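Worksheet: the structure to be examined is printed underneath.
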């Protein structure tokens, strides 16, 4: 799904690069009401993600400073993130570069150490090989219910992959940089997500008592990543991995501020949000949109009342469902994009980037998204003991999405945009692939590549440091 979603968005973003891209495309190729819904849903997805990250950061800092209230750390980190994003888009790009570098090194070391533990080269225990894949409950813990239960957490982590399209409006040559970033996104996810999950499955039993203790006590010292290092005999693992997790979550919060503020700015410029939110400073930063997003980030301080763990869980479910709806919508918009492109007798060969395996990959993504939405509800309903709040938590974002669409459609009496009237020309830019002139105003290809997903924003070489 990640590959097909990013390639769908990439095909549209390279032809018409705009900030807050897919919400704009929804208005052009589907229905203005869909654009309104998708834009506000996506803003809410990131804006609500921000306090969840801040809440998590406060919990993480509690590992070193247990006597300091978590809200102090949440407030301090929020202030720092806002300061970085106020400077310019350069602040976002450069900070992501360094935060990503830490994660890249940590993941590579983790994979090497994990493999060494699995074959018995490190640690005091003999190598386990694939033994833990055949114990009771493996390889699918709790069967189909366990699979669907984990989807909301996976979507929370994968959410942000579509940022590669959002940044197209601020890239200096989107027709060159965005396709490259899209292709890299898939391979980076394969390396940094799948490889780490694979290693954890090899080295840690699914009934490891320490994991059960961690679930009950929120003790980060016995997180799965840390357990692998402990098995290798590395006593400082808890501190090292806590630091790495901190930088990863900090990066996610940084992305949340950037994506939410740009989406809100685009909504304002299109008349779907108060006009003042579209105003930008001389350095291109939408200050008012940034301020509103920051205000939502202050929800993190509700953890003082409700408890950090409970707040994080509810925010996680809300953003997880919003992420699924966003991905499903991107695919639907792309299908309409292609239909209109063909109806207007435009040549597919003229597209600067063509999504591979169209339309089969896109229809597969639609089917998978619907199965996940249904499966999560089934999982919540079938879990024993039955709790109604579990169903509410899973589907919390769905009625909000539908209500936004119905509200805008009734108020503005919008209609489905006819294929022959879909606008492909507004916002198009014509650039030669070799046009690398640097006017110091946009993100370069490495900084675009950083804007992938919340926890795998890595780079291959140092960014040029353009300012926008």
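Backbone N, Cα and C define each Cβ position, glycine as well.
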Check: Per TrEMBL, which of 185-204, 205-224, 425-444, 445-464 is transmembrane segment?
Finding: 185-204
Next item on the list: Taking the transmembrane segment (70-89) as the first stretch and the transmembrane segment (236-259) as the second, find out whether 3 or more Cβ pairs fall under 8 Å, excluding pairs closer than 6 in sequence.
Entry: yes
Margin query: With contact taken as 3 or more Cβ pairs under 8 angstroms (pairs 6 or more apart in sequence), are the transmembrane segment (185-204) and the transmembrane segment (143-164) in contact?
Written below: yes
Margin query: Would you say the transmembrane segment (143-164) and the transmembrane segment (357-378) are touching, if the rule is that at least three C-beta pairs must lie under 8 angstroms and be 6 or more residues apart?
Written below: yes
Margin query: On the 0 to 100 pLDDT scale, where does the domain 'Amino acid permease/ SLC12A' (1-415) sit on average?
Written below: 82
Next item on the list: Output the single range from 101-123, 236-259, 390-408 maximising the number of Cβ pairs under 8 Å to the transmembrane segment (143-164).
Entry: 236-259
